[in-house]
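Undergrad: Here it is: the structure, laid out below.
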């Protein structure tokens with residue numbers, strides 16, 4: 001009997017070993033003892049081969065980061081002037097945020113909203129008290145937060161405002177950027193985001209950003225069916241476009257007058273980026289809904305949130321909206337630490353003062369190169385340089401960013417003639433100065449050579465006319 005048992009065990013161990021399974025099914029990969037690729041060039045080649053081509057990155061590979069400093073695999077140091085589109089306001093790998101992550105990851109990472117966990121309720125209370133709203137609906141990405149706000153506005157419109165079934169309208173702004181999901185790009189004027197992705201979703205109207213008169217005209221004509229007005233207090237992807245003074249107050253008054261929800265997308269502009277906790281604070285207005293994201297996760301984990309009062313939020317019932325990972329304990333712990341850093345390190349004040357320093361430096365450069373620089377604009381550390389397309393062509397803003405990269409500064413273009421400058425709010429004055437000096441050297445030393453080299457090339461075509469509304473957005 002014992003011999004039979006041993007033979008059976010031997011057969012099972014062989015039959016169901018890794019080698020046995022491989023012989024039977026032929027599906028398991030062979031062990032690879034080689035080290036993973038480490039050179040920047042090879043890593044970029046691998047990404048190009050195996051990843052979808054939905055981004056056009058500046059060719060630099062991040063290997064390590066701390067504060068405002070990035071290192072590539074070869075050890076070259078760079079100053080970060082993008083901060084992951086403002087997701088790293090607190091600085092890369094902030095020790096307090098990393099500690100919160102490490103402590104929580106050893107206890108509990110996910111419960112789903114099918115059950116309670118011991119972190120999200122504390123985070124929910126903290127966030128709502130901090131921003132003065134009754135309730136929060138947690139999600140993960142900024143686009144999810146916007147989608148959540150849109151659904152909530154439609155639901156409120158049908159149930160509270162008595163908009164007829166399936167007739168709720170959301171008004172948004174030309175030049176807006178709220179994400180790339182289907183409902184969101186249905187509002188977009190970005191032809192790259194809309195062409196080939198139809199049919200786009202109905203129920204959207206557009207208005208010029210910063211034009212309160214045009215907004216009131218739409219409200220007068222269709223206000224009985226308009227549920228919400230979605231806007232960025234400062235348009236980021238459009239090139240850090242700041243509305244005229246008084247615009248946000250006028251929007252608040254119009255939304256109240258016509259019973260329309262005022263929905264502020266503060267995913268990029270919020271959490272101290274503009275020199276205020278929220279960009280809406282520049283005009284001391286309170287939207288009906290605020291969407292937060294990016295820096296809410298401290299550059300560590302995706303966290304987004306929609307804030308609203310109960311008379312809006314409670315129109316969502318169980319089963320009508322949710323997310324498996326939204327409000328997870330790991331994200332909640334990280335988000336609370338991220339908020340602590342903003343408050344304790346006075347990042348609102350740092351953003352305001354350092355932003356003033358940066359714009360002084362950039363305007364000095366503008367005076368030296370008026371032929372090339374059309375405008376310097378921004379609030380806090382949310383800034384952009386717009387170049388003169390005629391004098392820059394056929395060189396593009398992307399080419400400027402490539403030259404900046406060679407000089408140790410990482411920035412990203414938006415559209416063909418704008419470079420956005422949004423460093424971590426923890427950046428030092430010396431690093432700001434280094435970044436400005438690098439830009440000066442690019443314009444003085446590199447740009448003349450770039451113009452000479454590219455003199456015979458056809459300028460990069462950048463269509464600025466929206467397919468849908470016909471507006472010339474970035475001319």
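Each position is counted from 1, following the chain as shown.
Glycine is treated like the rest: Cβ placed from N, Cα and C.
Look at Swiss-Prot and you will find 1-16 tagged as transit peptide. If you look up Swiss-Prot, you'll see 29-41 marked as compositional bias 'Low complexity'. Residues or ranges marked as pyridoxal 5'-phosphate binding site by Swiss-Prot: 142, 143, 177, 265, 266, 267, 268, 324. If you look up Swiss-Prot, you'll see 180, 323 marked as L-ornithine binding site. As annotated by Swiss-Prot, N6-(pyridoxal phosphate)lysine applies to 294, with the evidence given as similarity to another entry.
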Undergrad: Under a criterion of Cβ-Cβ distance under 8 Å and sequence separation of at least 6, what residues of the same chain contact residue 180 (L-ornithine binding site)?
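TA: Expected: 143, 193.
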Undergrad: So how far apart do the pyridoxal 5'-phosphate binders 142, 143, 177, 265, 266, 267, 268, 324 get, largest Cα to Cα in Å?
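TA: If we measure all Cα pairs in 142, 143, 177, 265, 266, 267, 268, 324, the largest is 25 Å.
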Undergrad: In angstrom units, rounded to an integer, how far apart are the Cα atoms of residue 142 (pyridoxal 5'-phosphate binding site) and residue 294 (N6-(pyridoxal phosphate)lysine)?
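TA: That separation, Cα to Cα, works out to 7 Å.
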Undergrad: By the DSSP assignment reduced to helix, strand and coil, which category contains residue 267 (pyridoxal 5'-phosphate binding site)?
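TA: SS state of residue 267 (pyridoxal 5'-phosphate binding site) = coil.
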Undergrad: Within 10 Å of residue 294 (N6-(pyridoxal phosphate)lysine), Cα to Cα, which of the binding-site residues 265, 323, 324 are there?
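TA: Among 265, 323, 324, not one has a Cα sitting within 10 Å of that of residue 294 (N6-(pyridoxal phosphate)lysine).
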Undergrad: Looking only at 268, 323, 324, which of these binding-site residues has the biggest number of Cβ atoms within 10 Å around its Cβ?
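TA: It comes out as 268.
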Undergrad: Using Cα coordinates, what distance in whole Å links residue 268 (pyridoxal 5'-phosphate binding site) and residue 323 (L-ornithine binding site)?
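TA: On Cα coordinates alone, these residues lie 21 Å apart.
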Undergrad: Including all protein chains displayed, how many Cβ atoms other than that of residue 266 (pyridoxal 5'-phosphate binding site) lie within 10 Å of its Cβ?
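TA: Here the count is 28.
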Undergrad: Check the binding-site residues 143, 267 for other C-beta atoms within 10 angstroms of each C-beta and report the one with the most.
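TA: Compared across 143, 267, the most Cβ atoms within 10 Å surround 267.
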Undergrad: Among all protein chains shown, how many Cβ atoms are found within 10 Å of the Cβ of residue 294 (N6-(pyridoxal phosphate)lysine), not counting that one?
TA: 27
Undergrad: Among the binding-site residues listed here, 142, 177, 265, whose Cβ has the fewest other Cβ atoms inside 10 Å?
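TA: Selected from the binding-site residues 142, 177, 265 on minimum Cβ neighbours within 10 Å: 177.
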